[in-house]
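Here is the structure we will look at.
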């Protein structure tokens with residue numbers, strides 16, 4: 001293996017790894033220490049509980065590795081370490097006391113470790129349920145509960161440290177206790193244990209509150225199992241208190257509550273992995289794989305020690321047993337990691353199964369916008385990708401997971417003979433193997449089609465929004481023109497009519513002049529209305545169609561020829577208006593600048609609309625600079641995705657050509673009058 005990267009050496013990764021490693025080491029030592037030790041009910045229950053509670057530490061480590069500020073992960077880690085420390089301390093105390101080799105200093109350390117570990121386990125596990133998954137209480141009013149649980153941890157740790165016994169009552173005298181203080185601390189310990197029940201109930205209520213206030217179904221599904229386990233945890237404490245009150249308490253009842261905590265780890269696992277509560281699948285897969293390997297190593301280590309001790313009495317070489325355990329687990333590493341990845345990421349990498357699952361995800365997508373994210377998420381799950389993104393033009397249009405700084409691979413997305421983008425992936429394991437790479441290439445065309453559809457939907461939505469915006473802009477322009485132009489004109493006419501009426505009987509000459517002025521003003525108002533209507537859509541288009549309207553105007557301006565027929569296929573209104581206005585501007589320029597030269601118009605419609613206005617004038621001047629009219633024609637062409645060109649003709653003259661792409665080849669219009677582009681009677 002190569003040198004570790006700087007990211008792997010950061011404190012945010014070293015500390016949780018170290019705590020989990022400490023928990024595993026302490027638990028392993030406790031399990032090995034049970035060999036040849038006098039077993040008591042409390043002793044083996046606490047050791048078995050510490051072994052199972054490693055699952056809590058695994059999930060806590062995974063949360064902290066992904067979100068270092070998440071307090072829920074830290075308290076789960078600390079609780080696991082506390083359980084392991086307590087188990088090892090109790091095994092050590094029983095072992096050395098039975099052998100008669102206990103030193104007072106060592107016994108004091110063991111008592112403190114046992115008391116502090118047990119307190120951390122109880123308090124931190126309850127706090128973990130309260131804070132999961134965000135690392136914060138459900139709301140501000142739950143903060144006093146969190147602080148109260150922290151105070152309970154202190155109470156349990158202090159009272160257990162200075163109580164009369166070191167482990168279960170009556171087993172081992174506590175060297176830190178005195179006759180005067182032992183009874184008082186025992187009473188405080190009893191109070192602390194009784195307070196564990198309401199603390200567990202409050203934690204369950206907090207989890208229920210978080211579940212009820214969840215805003216989406218996925219979060220509710222992820223928290224449902226956590227709520228069930230939280231209430232089982234609280235119920236176990238209630239049952240233990242009830243049994244103690246009735247005098248029916250037995251040692252395994254207290255341990256039973258601790259043994260429910262692995263179920264909390266399972267519930268958190270299900271919420272994180274299966275329902276995406278936190279995006280830490282990569283970290284979880286690594287943590288579980290290494291925890292499984294550690295368990296195998298501990299089992300092999302214990303079996304080898306037992307076998308050697310049985311064959312050769314008193315001989316248990318630690319170095320040899322450790323070497324055998326390591327050699328047994330190394331070949332299993334890759335196999336275990338693959339198995340865990342399959343569980344974590346959901347399914348295998350069989351192409352047929354992947355395509356079937358991809359099709360099902362697409363069928364279940366809520367809408368077009370969900371199709372591409374669902375496809376990318378499916379690929380990430382079945383292959384075990386830490387991060388996957390679809391890039392188009394170098395910009396990520398959708399992404400799943402968070403990049404971790406590892407090696408990225410780019411898979412082209414082919415569609416209709418061209419590469420429309422790339423699938424950028426980062427593996428959730430060490431690297432992407434050749435089988436997964438081939439699978440990504442096989443699925444790339446399917447993903448490309450989905451990406452193309454998604455981009456078209458987005459483009460269509462943007463175009464629709466643009467149309468709505470353009471309509472609103474046009475309405476505002478018409479309102480402004482009516483308010484600033486026609487409105488004052490009509491208001492002035494009303495005042496003029498009132499003025500004429502006042503002088504009609506006494507000064508008819510004045511009234512007559514006023515009416516004459518009003519007549520001129522009314523003509524101006526009519527012209528203004530026509531201008532407004534003409535700006536919306538030239539009336540000639542509705543009366544004559546595109547070809548007829550251009551023909552009529554060309555004849556008025558003295559065109560030499562018009563080649564366009566009398567009937568065209570149906571065209572969009574925007575194309576008709578733009579083409580007509582460009583034709584008018586081009587013909588006006590030909591008459592104005594070509595002097596007495598003839599000009600001709602050609603109009604053709606097929607896959608594209610082509611309008612040519614050619615004149616026999618002197619042509620473009622050497623210092624030609626386009627004016628406002630030319631700029632307006634270019635803007636109209638650009639709005640339709642077309643082009644406008646102005647070139648010299650040989651031997652003389654100018655050619656103005658408009659090209660507008662159309663949606664496929666258009667068929668001739670049906671015979672008969674009418675139609676938006678045909679000539680009308």
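Heads up, the Cβ atoms here are built off N, Cα and C, so glycines get one too.
Remember, it's a predicted structure, so these values are computed and weren't measured experimentally.
Pulled from TrEMBL, these are the features on record:
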type	residues	note
TRANSMEM	20-37	transmembrane segment
TRANSMEM	43-64	transmembrane segment
TRANSMEM	71-94	transmembrane segment
TRANSMEM	106-132	transmembrane segment
TRANSMEM	144-167	transmembrane segment
TRANSMEM	187-209	transmembrane segment
TRANSMEM	221-240	transmembrane segment
TRANSMEM	252-275	transmembrane segment
TRANSMEM	287-308	transmembrane segment
TRANSMEM	314-332	transmembrane segment
DOMAIN	582-664	domain 'Histidine kinase'
Spatial neighbours of the transmembrane segment (71-94) far in sequence, C-beta under 8 Å, 6+ residues away: 16, 19-20, 22-27, 29-30, 33-34, 37-38, 40, 42-43, 46-47, 49-50, 53-54, 56-57, 59-64, 102, 106-107, 109-111, 113-121, 123-125, 127-128, 131-136, 166-167, 172, 258, 261, 265
Among 20-37, 106-132, 144-167, 187-209, 221-240, stretch most in contact with the transmembrane segment (43-64) (C-beta, under 8 angstroms): 20-37
The transmembrane segment (221-240) vs the transmembrane segment (106-132): 3 or more CB pairs under 8 Å: yes
The domain 'Histidine kinase' (582-664) - residue tally per DSSP class, helix then strand then coil: 24 helix, 29 strand, 30 coil
Mean of the pLDDT scores, which run from 0 to 100, over the domain 'Histidine kinase' (582-664): 83
